[in-house]
Each structure stands twice: as C-alpha cells, then as structure tokens.
C-alpha cells in the first residue's frame with residue numbers, strides 16, 4: 001500500500017521570501033477554515049509543524065517507557081517468544097487501528113478527535129451518546145496512560161538508586177511504597193510545571209525526545225551488545241517459551257497475556273489527533289503523525305527488545321531475590337548483569353540506564369500535553385463537570401493550564417493504590433490499554449457501518465482498503481478488551497485481581513448511568529455532542545447532509561485524494 005499526503009502547505013522555494021509568507025498565510029487560513037467548518041474558533045496557538053506533531057505522539061508511545069517497564073511481564077508470560085514475536089504481531093494490528101484512525105483524522109482534524117469523530121459518524125440520533133461514551137473512555141485511558149508512564153519513571157529511578165547504593169542484598173536504598181509514591185508525585189508535578197511554564201519550548205523538547213528515542217536507543221543497543229561478554233543463542237531468543245506458575249494451563253492464553261507489554265507500549269498515538277488544532281496543515285500532518293508513530297516505534301522497539309534479550313547473561317537471575325534488584329525489575333537486571341559480567345561490578349551500567357530513564361521523562365511530559373488537550377476539548381463541549389474552568393486558556397501562553405493540573409491530579413489519584421498493592425502498575429497499564437483502545441475503535445466501527453457509504457474523505461484516505469482495514473481494527477480491539485480484563489492468576493485474590501475489568505465496568509456504569517439519570521439530571525438532557533462556537537450562519541457543519549460535506553472540503557482546498 002502506498003500513499004501521499006500531497007505537498008505541505010507553505011513549503012515553497014526559499015528564493016522567494018514574500019511568496020513563502022503568502023503560502024504560509026494561506027496554509028494557516030486553510031487550517032482555520034477547516035476548523036471553522038467544524039464549528040470551532042482558532043483558540044489554541046497553531047505553532048507545531050508536522051514533525052513536531054509526530055514528535056509528541058512518538059514521545060507519548062515511547063518504546064523506552066512501555067518496553068522497559070513491562071519487559072519483565074513479557075518474559076514472565078511467555079518468555080522470549082512473547083517478547084520478540086508479540087511485538088511485531090501487536091504492531092501489525094495496531095497499524096490497522098492507526099490507519100483507520102488516520103483516515104478519519106484527515107477528514108475531521110480537531111482537538112476533540114475521537115469523541116468528535118464518533119459524533120460526526122454516528123448520525124444525528126446517536127451522535128450525543130456515541131460522543132459521550134467515546135470521550136469518557138478516552139479520558140480514562142489517557143489519565144491511566146499518564147499514571148502508567150510516570151509510575152514507570154518513578155519505579156525505574158528508584159531501581160537505579162537501589163543499584164547505585166549497594167543493591168537489594170548489599171544495604172542499598174529500598175524505596176518503601178510511600179517513598180515510591182512520593183517520587184511518583186514529584187515526577188507528575190515536574191511534568192505539570194513544564195506544561196505550564198515551558199510551553200514555548202515544548203516543541204523543541206519533543207524534537208530532542210525523538211532524537212533521544214531513536215539515536216539514544218540505537219546507542220544503547222550497541223553499547224549493551226558490546227559490553228555483554230556472552231550472548232544468548234538465536235534459539236533462545238526466538239523460540240524459548242516459558243509458563244509461570246499462576247494456575248493457567250493454556251500456553252496460548254499465557255502468550256496472549258504477555259501481549260500486554262506490547263499493547264500498552266503502542267498506545268497514545270492519538271496524541272497527533274488531539275494536537276491538530278495546534279498543527280499546521282493539520283489534515284495531513286495529523287494522520288501522518290499517527291501512522292509514522294506506529295511504524296517508527298515498531299522498528300526502534302523491536303531492535304531494543306532484541307538487544308535486551310540477546311544480552312541476558314543468566315535468565316534465572318532476572319527474577320531472583322538474590323539479585324541486585326531483588327528480582328523486581330528485569331530490564332535493569334539485564335543491563336547490570338551485562339556490565340557485572342564484563343567488569344566484575346555493574347555500577348558502570350547506571351550510565352546506560354539513563355537512556356531509558358530520560359526517555360520516560362520525555363514521555364511523561366508529552367503525555368500530560370496530550371491528556372490536557374483532550375480534557376480541554378471535551379470541556380469546551382460541556383461534557384466535564386466544571387467545564388468552564390478546564391476549558392480556560394492562559395491568556396499569555398494560549399494553553400489550557402487548568403486542564404494540565406487536573407490531568408496531573410487524577411493521574412496521581414490513580415497511583416494511590418500503590419500504597420496497598422504492588423500489582424497497581426499492571427492494573428493501571430491494563431486500564432490504559434483497554435480504555436484507550438475502546439475509544440479508538442468506536443469511531444472506526446461507526447465509519448465502517450453507519451457512515452460506510454457517506455463518509456467524506458480528507459487528504460489522506462485508504463481507498464478500497466478502508467473497510468477491510470477497519471474491520472480488522474475493530475476485531476483486534478474486541479480481542480484485546482476480552483484478553484486484558486481476564487484474571488492473570490488463579491485463584492483470584494485481592495493482591496492479583498485484574499482491576500481493568502472493574503475500571504471498564506465503572507466507566508460504563510458512570511457514563512451510561514449519568515446519561516440516563518431521571519428528572520432532567522441525565523446528561524442526555526443537556527449534552528448534545530460537540531458544540532459549535534458559531535451561529536449556524538457562520539458554520540452549518542452539523543447541519544450538512546453527507547453529500548454536502550465534500551463541498552466544504554473542496555471549497556477550502558482540502559480534498560486531495562491519495563493513491564492506494
């Protein structure tokens with residue numbers, strides 16, 4: 001399959017400075033016209049280019065975060081087979097979801113993204129309900145992703161400190177649950193502050209993040225492979241399968257549970273869609289950011305996993321209570337063991353551990369950015385209690401600062417159960433994966449059913465492959481949802497309970513319960529879906545019949561077919 005987004009608006013020869021200014025102005029005018037046609041004013045500062053849009057999305061996915069944090073889970077549920085082959089398997093089906101989302105994003109590039117798409121594609125009768133449910137699932141997923149990312153950072157940082165101070169059995173500093181929660185809170189506050197006071201350099205920092213995630217990851221892989229004095233055989237890396245003693249007899253189910261490592265990592269690429277109101281040439285840059293994030297993450301992530309797995313010195317030591325990490329962090333143990341085997345002591349490995357640590361820091365920063373933009377957009381349409389407060393923009397920076405701090409607060413609350421159970425991280429990652437993917441697939445499902453014939457394409461589209469890819473995407477998300485709400489161990493206890501199913505049920509009960517409340521209290525009485533900011537004489541977007549939508553797109557110069 002091949003495709004083209006067309007030339008970027010505003011890209012003209014440097015030799016004609018005045019022409020460049022005119023072209024750039026025209027591109028910005030087209031973006032604002034597109035947004036206006038969907039009923040919204042240009043309020044956010046449109047300062048991101050296509051690369052910066054991709055950079056933020058790629059940073060939110062962050063293979064250095066998800067794969068580092070859940071590498072041990074993958075090895076536990078399936079071993080190297082689940083780790084090495086689960087990644088390309090999940091990447092392929094994730095790309096189908098991303099392609100389906102990108103096609104819709106190209107037609108409707110707005111910060112509301114998924115919930116706006118659902119409203120548009122569900123038809124007038126079901127638009128409010130579809131938008132409401134999609135929006136709340138996306139918000140839950142984004143809050144849980146932010147929590148999972150910063151909890152990964154806090155855990156990895158505490159593990160580095162443990163290794164540097166003597167290890168679990170050498171008098172090293174072992175963080176209590178309360179201390180770990182304190183580190184977690186500090187990372188969230190730091191990311192909130194960056195999104196509040198350093199907005200002007202966020203694009204620059206996310207550009208650095210892309211370089212760090214690509215160049216830094218490859219430097220990490222080369223260094224680790226060169227330091228490790230021995231390497232695992234290809235047979236071990238590609239064919240070794242292991243089953244944990246968790247009361248599950250099915251090897252297939254064990255392998256499927258191990259896919260959580262890959263599926264959680266490959267979430268958050270909807271950030272490109274949420275940032276379209278801040279991105280130039282949004283109907284092309286947004287879809288491209290979504291797709292390229294998944295593709296580049298697959299390549300970089302697979303190389304990262306291969307380097308880690310080939311560099312394992314002693315598989316039994318990864319989860320041993322006698323190891324330097326006490327068997328609590330497999331990724332750090334792999335790195336430490338490689339340096340210890342080479343130099344007799346693993347303390348030099350701490351310098352290499354900084355690579356994934358900084359990747360996690362960048363990831364958390366970008367996640368708060370994306371999270372706050374979704375909250376801002378959903379609040380703009382009156383769907384969140386106190387919506388006027390969360391929709392407020394800082395007059396100087398033109399950013400939703402209040403939404404930033406609410407996102408930080410809720411992510412912190414999601415991490416509070418760590419005081420009672422160390423299983424909270426797996427639970428939070430399951431919640432993030434299930435919540436986000438449900439919100440991803442609702443508009444795709446509506447696209448291939450209700451709006452199958454009347455969908456009006458944007459600059460990027462999939463042609464005849466649109467419906468088949470959409471069907472694969474929907475089927476895959478249904479599969480993920482079922483697998484990741486299942487118990488991960490039997491018999492089920494409070495300590496090993498998979499809270500993802502509980503969280504999904506809570507969101508369904510909350511969103512549908514609030515929707516159907518009687519006596520005029522239900523959201524169905526006042527939430528009518530995305531709200532236009534203009535009178536119908538200014539923007540009749542939601543009044544248009546499907547056949548007329550294309551006229552609007554053509555009028556503002558946005559219908560550029562893609563050859564598939």
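Positions of Cβ are set from backbone N, Cα and C atoms, glycine also.
Keep in mind that TrEMBL annotations are predicted by a computer and have not been checked by a curator.
Under the heading region 'Disordered', TrEMBL lists 1-21.
Residues annotated as transmembrane segment in TrEMBL: 54-77 (among others).
Look at TrEMBL and you will find 83-102 (among others) tagged as transmembrane segment.
The transmembrane segment feature in TrEMBL is assigned to 114-137 (among others). For the transmembrane segment (114-137), the residues of the chain that approach it from at least six positions outside its boundaries are 38, 101, 104-105, 108, 270, 273, 377-378, 381, 383, 435-436, 438-440, 442-443, 446-447, 450-451, 455, 507-508, 510-512, 515, 523-524, 527-530, 542, judged by C-beta separation under 8 angstroms.
Counting only same-chain residues 6+ beyond the ends of the transmembrane segment (143-168), those with a CB under 8 A from a CB of the stretch are 60, 62, 65-66, 68-69, 174-175, 179-180, 183-184, 186-188, 191, 264, 267-268, 321, 323-326, 328-329, 331-332, 336, 346-347, 349-350, 353, 356-357, 360-361, 363-364, 367-368, 371, 407-408, 410-412, 414-415, 418, 424-425, 428-429, 431-432, 435-436, 503. What TrEMBL lists as transmembrane segment is 143-168 (among others).
The transmembrane segment feature in TrEMBL is assigned to 180-198 (among others). Remote same-chain residues near the transmembrane segment (180-198) are listed as 146, 150-151, 153-155, 157-158, 205, 361, 364-365, 367-369, 372, 394, 399, 401, 404-405, 407-408, 411-412, 415-416, 418-419 (criterion: CB distance under 8 Å, separation of at least six residues from the stretch ends).
Taken from TrEMBL, the feature transmembrane segment covers 210-228 (among others). Among residues of the same chain six or more beyond the transmembrane segment (210-228), those with a C-beta under 8 A of the stretch's C-beta atoms are 51, 54-55, 58-59, 62-64, 296, 300, 303-304, 306-308, 310-311, 313, 334-335, 338-339, 341-342, 352, 355-356, 358-359, 362.
If you look up TrEMBL, you'll see 248-269 (among others) marked as transmembrane segment.
Residues or ranges marked as transmembrane segment in TrEMBL: 289-310 (among others). Long-range Cβ contacts of the transmembrane segment (289-310) within its own chain (Cβ-Cβ under 8 Å, at least 6 residues beyond either end) map to 50, 53-54, 56-58, 61, 63-64, 67, 71, 80, 83-84, 87-88, 91, 94-95, 98-99, 101-102, 105, 213-214, 217-218, 220-221, 224-225, 228, 231-232, 236-237, 265-266, 269-273, 275, 279, 331, 334.
For 401-419 (among others), the entry in TrEMBL reads transmembrane segment.
What TrEMBL records for 425-450 (among others) is transmembrane segment.
The transmembrane segment annotation in TrEMBL covers 462-485 (among others).
Annotation comment: TrEMBL describes 497-517 (among others) as transmembrane segment. Only residues 6 or more beyond the boundaries of the transmembrane segment (497-517), in the same chain, are considered here, and those with a CB under 8 A from a CB of the stretch are 129, 132-133, 136-137, 140, 144, 423, 426-427, 430-431, 433-435, 438, 481, 484-488, 523-524, 527.
Between the transmembrane segment (401-419) and the transmembrane segment (425-450) there are at least 3 Cβ pairs closer than 8 Å, counting only pairs 6 or more residues apart in sequence, which means the two stretches are in contact.
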